[in-house]
Amino acid sequence: MRPSSGSLNGMTDIPGASESAHSDGSPASAPTGGEIRFGYYYLIVIVVAAGLHAAAIWNAEPLQSANDRSRWATVWSLVERNSFQIDRLQRDSGWRTIDRVLVDGHFYSSKPPLLPLVTAGIYAGYRQALDRTLTQSPTLLTRHVLTILNLLPLVAALWLTCRIVDRYARSSTARLIVPAVLAFGTFLSPFSVVLNNHTPAAMTLVFSIYALLSIYSDGRRSAVYFAAVGFFAAATVANELPALAWCAICFAAMASKDWKRTLLYAAPAAAVVAITYFVSLRIQTGGWKPFYAYYGTELYRYVHEGVPSYWLNPQGIDRNLDSPPMYLFHCILGHHGIISLTPIFAITFFGWFRLWQDRRHPLMPLSAVTAALTVVVLGFYLMRTENYNYGGNSSALRWALWMIPLWTISLIPALDAWGEDRRTRLIAALLLGASVASAWSSVDNPWRHSWLYREMESAGLIDYSTPLEPLPRTITTWFPSLPGAADQSDESKPWVTFASVNEDGSSVQIRLTSLGIENRDERVIQKLKVNSAGSGSNLPDRMEFAVDRELFEGGSAPEEFLITPTEQPERERVLKFLQMVPGSYELLPGTNRYLRTDLRQDAFRCRFAAATISKTNGDNRNEHRIETYLCEEIPFGCLKFRIITRDGSSGTTISRKEFVVTGSNPPPPPISPLTPESFD
């Protein structure tokens, strides 16, 4: 870029103030002694931003969401297995992701392949140097890789942005505000701590903007600039498909200045990216379409070993509940709003309505293009009604993050139009401060809802939570059902066996058996037997009791439906078994869970339910909790239950015991009955 008067290599002399050019090309007046030495200021901003973002990366926890786990799993598989298949890591809950597709019995990330391929190259170098793998040292290696992948390009992009400001800004307000916006005031900062496509796209966008301005506004004709525009504009498209519009604009702008150099240098550079992208796509998918283009098909709608794809029954904000007008509102001014979460961009948006007042500003064409691109991108996502989820569980409108450099640079003509008025400078400073606070509130984890979302949710203004379906009836025991008459005979009694492992490695077994059903005095009586074995069961070796089946199924308390025994302490022991905690309760509903056991390869679909009661003993108050996993495929309807005792004051766990089914009669089906059609 052509340096301004008083600049060294495109940056203002140090020490010394900047002398930018006016819109007509005439030099600005010489700086006065009281002007800010912007060269020092730019340097300070870059150094401080580099330090803060490095600290953020090296303090963030790895694998914070399904989104970046999907990409990291691909990175690991490429280096360790030379494959895009991520099956191996999907067995580990710490690496499991919902952002995956199932193809020919194998899992693949639903994310495009080029970014993981580049990341794998960086990881491979660190793996060899440190002799550690991602599964062995995920924290260390992800931080090293993200330093190269996110931090270094961010510093380079910030330096180029300062050069753009130094060349084109007329006002000291723009010179002060714009570098600080990109350095501290956007949601690129929190997303720099995780592996994602939005941050690299924003960085390559800056590189293409800088090279394009050098050609279009400064008259540069070096082959390097043309190649840079082609390469980095195409790289932006590789990470963000809507950036195809920006790439087309870049080529049109270059061709209007020199179509021969555009064909000779820009087109081949872009072709390198395109060829690499499509070759990697072909290897990953076997076709020419990215996996995310198959959303809604069998690649996303599957049941694998009894576990359904998340996308068969998406939850929360992924349910796409908002109308197009409401979706647009929240994208701009609402809980994921471009302006509401980054208020400084209100100046950018307002400046678009004043472009006609200053048509001679050298950045007016770029600002107009930015306005048009913003409309195009918002329109593109408004048409994708099946994906009205604001980017899922994230702190910002992440599919729009790549446009942040355009909105930031468009601040220059908007702030220049304000001039040096102190009131407007104060307004800009306040908006910048609010933007910084908003962005850095999520810097430790961008994969969570923003502060504004949480405030609106607390105030009752929004509610995307998935309502819990009530339990089919009131349940007052840890097992929800009794075998019916058709399920038992004199030769075959329904039973289920649970086992628990103690801390010392010993085990406890409990078997619950139905002894039969009889009618007595117009009551349906079910006889049951419990056998227990092992140390620490706290139950007699054998108990028999009878219950009123109608009262049991009607949700009566155990004291009411238990018929025999009637004498103590036998009755108290049976009540203790029926409740497993010291007191009566009604189970509260939870979500569906999918549990694997040794009974079969396929998982069991269970309905989680729980209850908590408090008991005071003298000065001590303890909380007793029963958690149970209701499953229709198992006799008595329970696959697993858990008994937890906590200190009521500190919340410290005093004891915890978990029982899992190890056998039953009749046995469960060998294959899960779930199919994708089960969720229609």
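Any Cβ shown, glycine's included, is placed from N, Cα and C.
Heads up, TrEMBL stuff is auto-annotated, nobody curated it.
What TrEMBL annotates here:
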REGION    1-29  region 'Disordered'
COMPBIAS  1-10  compositional bias 'Polar residues'
TRANSMEM  40-60  transmembrane segment
TRANSMEM  140-161  transmembrane segment
TRANSMEM  173-194  transmembrane segment
TRANSMEM  201-217  transmembrane segment
TRANSMEM  223-251  transmembrane segment
TRANSMEM  263-283  transmembrane segment
TRANSMEM  327-351  transmembrane segment
TRANSMEM  363-383  transmembrane segment
TRANSMEM  399-419  transmembrane segment
REGION    659-680  region 'Disordered'
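Counting Cβ pairs under 8 Å to the transmembrane segment (173-194), the stretch among 40-60, 363-383, 399-419 with the most such contacts is 399-419. The stretches the transmembrane segment (399-419) and the transmembrane segment (40-60) do not meet in space: the count of Cβ pairs below 8 angstroms, excluding pairs fewer than 6 apart in sequence, stays at fewer than three.
For the transmembrane segment (363-383), the partner stretch with the highest count of Cβ pairs under 8 angstroms, out of 40-60, 201-217, 327-351, is 327-351.
The region 'Disordered' (659-680): residue composition by secondary structure is 4 helix, 7 strand, 11 coil, according to DSSP.
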